[in-house]
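A.B. asks: Before I ask anything, let me first share the structure, which is written out below as structure tokens.
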Amino acid sequence: MTQLKELYNQPLFGIALTVLFYVAAQRLNLRWRWLHPLFVTAGGMMVFLLLCDIPYESYKVGGDVITFFLGPATVALAVPLYKSAQVMKGKIRAIVAGVIVGSVCGLVSVAFLMMSLDATRDTLLSMLPKSTTSPIAIELARQLGGTPELGGVFAVLTGLFGSMFGPAILHSARIRGNIAIGTAIGTSSHGIGTARLLRDSEVQGGISGFAMGLTSVITPILCIPIYWLI
Amino acid sequence: MLGLAILLGYEFIGYIARHFLGIPLPANVIGLILLAISLFCGWVKLEWIEKSADFLLKHFMIFFAPTIVGTIAFFARIGDEWVAISLSMVGSAIAVLLLTGWSTSWFAGKEETK
């Protein structure tokens, strides 16, 4: 048993498990388009770890190596952004305006909903920055007086929701066009939503990456008046 | 490999900008902004980075998987408030999606007619 434990405390365990589940999820997604690969990969691994009684800390050793590549991958969003410049030309002001409207809406709607549902103050403050990328959400949750890690969790889950259901929600609301779709997904569900768009459209992914970067700059500025209120 | 080196290099510049210049953005977002500027100015050629970038972006989703698995540790903390949390998160996400989508279309349309 101790030998087994040594095995899954190696980085190789977490890396191999993630890649394996990801490849399987890709296959399943080819067959059933509605099965979201990230949901299947992460959900499958959660069930696997729980069933085999493997502590998250052991998985994390290798998981962190995979997460490391989120860094260069995010930088790489500059490529679709550059390629969609032609489409965005002359629409920059519309995108910026949309991101500002969306970011304000994100903060106000969380505060309104959480207050009407009698949530605790700490949870509310941690959820406010949920539409930004997780490193920013963690930092903002800290500054607002919430729980930083919880802020990161809310950001990731919001991103996953937008990635899974965002395109369908926009479609049913008759929101069409690369500009509107890219801006809406990037503003509401940052990198995880952007990853979903990139699977089908480089242009939408590029615009979404742009909106994501902009949301990360605008939301902290919008949070400044909240410090005065609380 | 040249592509990956450039991507990591820009992330590293972002890291330096964050820690030594105190720019309050994550290193990878600063790197993204700087690389986009460099592409538009022609300092970095698209061919140098395109292959590496395409590979990373094609599999963008996998890089989020461990972080989502990490939410496991917070299930107990979320536990007692899960109704308020899920309703607010989903409600707010839908509101942001729709309002951003509509307002962007509206602003874009207005600019077009000018």
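Including glycine, each Cβ sits where the backbone N, Cα and C put it.
As listed in TrEMBL for this protein:
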type	residues	note
TRANSMEM	A:12-30	transmembrane segment
TRANSMEM	A:37-56	transmembrane segment
TRANSMEM	A:62-82	transmembrane segment
TRANSMEM	A:94-117	transmembrane segment
TRANSMEM	A:150-170	transmembrane segment
TRANSMEM	A:206-228	transmembrane segment
A.B. asks: Between the transmembrane segment (A:150-170) and the stretches A:12-30, A:37-56, A:62-82, A:94-117, work out which stretch tops the count of Cβ pairs under 8 Å.
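C.D. replies: When the Cβ pairs under 8 Å are tallied, A:37-56 comes out ahead.
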A.B. asks: When you scan the chain for residues with a C-beta under 8 Å from the transmembrane segment (A:62-82), skipping those not six or more beyond its ends, what do you find?
C.D. replies: 10-19, 133, 191, 194, 198, 202-203, 205-207, 209-210, 212-213
A.B. asks: Mind pulling out the one from A:37-56, A:94-117, A:206-228 with the most Cβ pairs under 8 angstroms to the transmembrane segment (A:12-30)?
C.D. replies: A:37-56
A.B. asks: Using a Cβ-Cβ cut-off of under 8 Å, list the residues of the same chain that are 6+ residues beyond the ends of the transmembrane segment (A:206-228) and lie near it.
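C.D. replies: Distal contacts: 77-84, 87-88, 95-96, 98-100, 102-104, 106-107, 128-129, 131-133, 136, 139-140, 143-144, 178-179, 181-187, 190-191, 193-194, 197-198.
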